[in-house]
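According to Swiss-Prot, the protein carries these features:
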type	residues	note
BINDING	Asp488, Asp494	Mg(2+) binding site
DOMAIN	555-614	domain 'KH'
DOMAIN	624-692	domain 'S1 motif'
REGION	692-753	region 'Disordered'
COMPBIAS	699-739	compositional bias 'Basic and acidic residues'
Amino acid sequence: MSIFNKVTKTFQWGQHTVTMETGEIARQASGAVLVNIDDTVVLATVVASKQAKSGQDFFPLTVDYIEKTYAAGKIPGSFFKREAKPSELETLTSRLIDRPIRPLFPEGFYNDVHVVIHTVSLNPEVDADIAALIATSAALSVSGIPFNGPIGAARVGFINGEYVLNPGQTQRKDSQMDLVVAGTEAAVLMVESEAQQLPEDVMLGAVVFGHEQGRIAIDAIHELVREAGKPVWDWVAPAKDEELIAKVAALGDEALRTAYQIRNKQSRTQACREAYAAVKAGLTAQGVEFDGVKVEGMLFDIEARIVRSQILAGEPRIDGRDTRTVRPIEIRNSVLPRTHGSALFTRGETQALVVSTLGTERDAQRIDALAGEFEDRFLFHYNMPPFATGEVGRMGSTKRREIGHGRLAKRALAACLPSKEEFPYTIRVVSEITESNGSSSMASVCGGCLSMMDAGVPMKAHVAGIAMGLIKEDNRFAVLTDILGDEDHLGDMDFKVAGTTSGITALQMDIKIQGITKEIMQVALAQAKEARMHILGKMQEAMGEAKAEISSFAPKLYTMKINPEKIRDVIGKGGSTIRALTEETGTQIDIGEDGTITIASSDAAKADEAKRRIEEITAEVEIGKIYEGPVTKILDFGALVNLLPGKDGLLHISQIAHERVERVADYLQEGQIIKVKVMETDEKGRVKLSLKALTERPAGMERSDRPAPAEREFRQPREPRQQREFREPREPREPRDGGRPAAEGEQQQQQQQ
């Protein structure tokens with residue numbers, strides 16, 4: 001009898017077969033589920049502490065997605081030969097899992113929860129992120145931890161006008177959309193997508209389609225829980241101290257209402273801090289014992305109630321705007337003199353200084369991913385230092401939030417980049433957030449587009465982004481355009497849309513509540529389009545099109561095409577030829593497998609010289625053409641002459657002069673520059689030259705009766721000895737000079753010596 005109480009559930013999901021297992025692996029975790037989707041295998045585990053830490057005022061959820069290189073049959077390439085810090089993909093996938101599950105934990109549940117997901121086997125055609133989402137949902141559901149799930153998830157493609165469920169890597173190459181949606185049976189909670197300028201109705205249809213398909217996974221998880229679920233925790237939310245809440249409200253309500261009439265963020269924040277301090281001082285004066293953390297939570301609830309009620313009542317928002325107005329926009333291009341391209345984009349109290357840098361092909365990022373190696377020629381990096389929000393903080397390694405915001409901006413802009421053939425540069429865009437009061441990632445999209453156009457990148461269209469918010473109470477709701485930071489914290493949805501005048505290029509949605517209907521999403525998309533068009537108009541006013549010339553400080557790229565079979569000639573033995581080319585011309589040369597050569601130089605003359613020398617190296621010798629070159633070697637039967645770099649031809653002794661040549665050295669010396677004519681080439685590429693073909697035969701000179709060795713007539717080979725007819729021995733010939741026979745003369749000469 002097995003020691004395991006293993007439970008397995010299998011279901012068909014579109015073109016894939018999905019298997020979920022629990023009870024065999026990681027049994028000491030609160031919950032553990034192994035999910036297999038066509039050989040992509042993911043293990044998700046969840047562990048929660050039984051008690052919350054004292055004074056804890058937030059939900060400490062940690063999600064770690066880890067890819068094991070053995071999953072793809074690889075050994076890590078690092079010095080220590082083991083997995084190191086998380087890759088960008090691992091960080092993004094961790095965020096992708098965190099976002100839909102976080103709002104499903106009950107309010108007041110502050111116990112530590114740690115979710116760890118390992119990819120232990122990978123089919124390159126099946127992405128592990130969807131399997132990881134389903135495995136996490138199943139592990140939480142069977143664990144008994146307080147969790148209002150499960151959730152389902154699906155990837156949606158758009159190919160030939162139809163939605164495709166969970167397209168593989170190959171299919172996605174033909175897809176106009178890559179969208180991931182996650183949610184419960186009743187509501188969508190998270191959307192992450194990029195698209196090729198698709199209209200709003202197509203994007204909304206993809207969200208609805210993916211949500212419906214995700215319910216298939218939810219049904220299977222319910223079945224797994226019925227058979228293998230652990231008892232649900234006997235957890236009850238801490239009782240609210242109604243008496244303390246009333247006292248806090250009496251002391252702080254009026255002061256906070258007054259604070260939220262202040263339009264300036266810093267002044268408003270300072271007023272709120274003073275209100276918080278006054279409430280605590282008032283409670284102390286009344287002799288009330290209180291927990292400072294709990295009191296601050298109560299004051300935050302009062303802030304949320306004030307802001308939300310004002311908006312739903314149709315009153316002006318925090319900064320005085322209505323629900324559809326975009327904050328004032330200021331744009332300045334070329335703000336940094338020696339960068340390749342730059343833009344300062346300011347929208348209200350959110351500001352991004354965005355800089356673009358152009359590089360060569362070797363500047364592209366080479367990524368050794370689990371599914372295979374690839375190069376990325378478009379890099380987008382987002383940085384937000386503490387001073388952007390007027391705070392004191394530590395500067396350290398890149399945070400998960402910065403990686404996520406950078407990837408969203410990159411997705412938004414990628415659809416409008418020129419092809420590699422049109423613009424062979426590697427592009428790096430860096431967004432430095434210098435002020436932040438909401439929607440800094442969308443400011444990065446706008447600034448990134450403008451800075452690339454300032455750098456001379458021929459963008460297909462202007463790209464703008466806008467962040468939308470939502471306030472919902474019962475059946476009343478208000479969609480907010482261009483949300484502030486406070487509206488993001490106090491609202492129910494963060495909905496970011498980026499695109500062009502033609503359609504959407506990126507969409508990200510995080511919903512904190514259930515009950516967001518298709519109709520609400522339609523309103524949000526329509527309102528976002530209106531705002532996007534307004535911002536695009538401002539951007540087009542500031543910069544109508546990309547600069548015709550790239551910066552004088554950027555490397556100039558010149559491309560040429562050669563026969564792929566000639567690549568080895570350009571590289572040379574051990575790289576000697578290309579190394580000499582780059583050193584002597586002061587250029588950078590990259591060679592593609594298809595024979596495309598890219599020459600990078602800030603000096604056009606140097607690039608032209610490199611191009612000329614490459615053309616010489618790769619040129620084909622033409623029959624009948626006259627070449628000038630040095631004699632590289634003297635042979636007994638002729639000489640070798642260099643025609644082109646790396647290409648010599650044979651000048652036979654019979655082709656040196658019209659008269660008979662006894663010694664080649666009498667006519668030619670090594671290093672001598674001569675002109676020769678190409679007479680023919682054979683199938684092996686050997687070239688035959690002629691020097692005498694360039695001069696006329698002197699008058700009166702007759703052709704030699706005896707042909708030169710290379711020009712003698714072809715003779716049939718002699719028959720084998722056993723096949724020859726018997727012949728009588730011939731009589732010795734008389735010497736031509738009438739002397740002794742040759743043999744006798746030779747013997748006498750040897751005796752004399």
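Note that Cβ sites are derived from N, Cα and C of the backbone, with glycine treated the same way.
As a whole-number mean, the pLDDT of the domain 'KH' (555-614) in this prediction is 89. The Cβ of Asp494 (Mg(2+) binding site) has Ala467, Met468, Gly469, Ile483, Asp488, Gln508, Met509, Asp510 as same-chain neighbours under 8 Å, each 6 or more residues away in sequence. A helical conformation is recorded for Asp488 (Mg(2+) binding site) in the three-state DSSP classification. DSSP classifies Asp494 (Mg(2+) binding site) as strand under the three-state reduction.
In the domain 'S1 motif' (624-692), helix, strand and coil residues by DSSP number 7 helix, 36 strand, 26 coil.
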